[in-house]
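Swiss-Prot annotations:
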- ASP97, PRO98, GLN99, LYS100, ASN101, LYS134, ASP135, LYS136: carbohydrate binding site (BINDING)
- CYS29-CYS40: disulfide bond (DISULFID)
- CYS57-CYS153: disulfide bond (DISULFID)
- CYS128-CYS145: disulfide bond (DISULFID)
- 36-154: domain 'C-type lectin' (DOMAIN)
- ASN49: N-linked glycosylation site (CARBOHYD)
- ASN62: N-linked glycosylation site (CARBOHYD)
- ASN101: N-linked glycosylation site (CARBOHYD)
- 1-22: signal peptide (SIGNAL)
Amino acid sequence: MASKCVRLLLLLSWVAGPEVLSDILRPSCASGWFNYRSHCYGYFRKLRNWSHAELECQSYGNGSHLASVLNPKEASVISKYITGYQRSLPVWIGLHDPQKNASWQWIDGSTNQYRPWSPRTKSEARHCTEMNPKDKFLTWNKNGCTKRQHFLCKYRP
């Protein structure tokens, strides 16, 4: 049986190409979540402060955290998804300054330095990051972590 499956996958990859095969082999995400490049994303239109949003992301399991957004392409995919639901409210992501010394870190441990800060962002007493709706969620603002707003979670299945 296993050899038949392998042959079928080889045949599919030869006939249909790698794009179709990657769709067939794509890991599944939880209901209501979307897939991009082997990660699952959940956008939640619930109002939570940054810490409670992170706890809620963790409660979904699978190593889920507030989302790390690591490059412009990923940001663009996320932007298009969120704007399908709303265009005016900021959305928490997982970048924060836990030591309150401008040492920004991703809550999931990612080390990428992609940081599209909005030129309008303010620094004082703002240690959590939101996606900025004024720029279609493609730039980010620093904001007070106690503000209650929508949030984006991410995990790798």
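The backbone N, Cα and C atoms fix where each Cβ goes, and this holds for glycine too.
DSSP classifies CYS57 (disulfide bond) as helix under the three-state reduction.
Each of the recorded positions ASN49, GLN99 was ranked by the number of other C-beta atoms within 10 Å, and first place falls to ASN49. Residues of the domain 'C-type lectin' (36-154) grouped by DSSP class, helix first, strand second and coil last, total 25 helix, 36 strand, 58 coil.
Here the disulfide-bonded residues are CYS29, CYS40, CYS128, CYS145, CYS153, and the one whose Cβ sees the fewest other Cβ atoms within 10 Å is CYS29. Taking the Cα atom of each, GLN99 (carbohydrate binding site) and CYS40 (disulfide bond) are about 29 angstrom apart. Distances between the Cα of ASP97 (carbohydrate binding site) and those of the recorded positions CYS29, ASN49, CYS57, CYS145 are shortest for CYS145. Close to LYS136 (carbohydrate binding site) in the fold, though at least 6 residues off in sequence, lie SER79, THR83, ARG87, each with a CB less than 8 Å from its CB. Here the Cα atom of ASN49 (N-linked glycosylation site) is found 20 Å from that of LYS134 (carbohydrate binding site). With all protein chains in the displayed structure included, the most crowded Cβ environment within 10 Å among the recorded positions ASN62, ASN101 is that of ASN62. Candidate binding-site residues: LYS100, LYS134. Fewest other C-beta atoms within 10 angstroms, LYS100. Taking CA atoms as the reference points, CYS57 (disulfide bond) and LYS134 (carbohydrate binding site) are 25 Å apart. In this view, ASP97 (carbohydrate binding site) is surrounded by 17 other Cβ atoms within 10 Å of its Cβ, with every protein chain counted.
Comparing LYS100 (carbohydrate binding site) with CYS153 (disulfide bond), their Cα atoms are 23 Å apart once rounded.
The CA atom of PRO98 (carbohydrate binding site) is located 19 Å away from the CA atom of CYS153 (disulfide bond).
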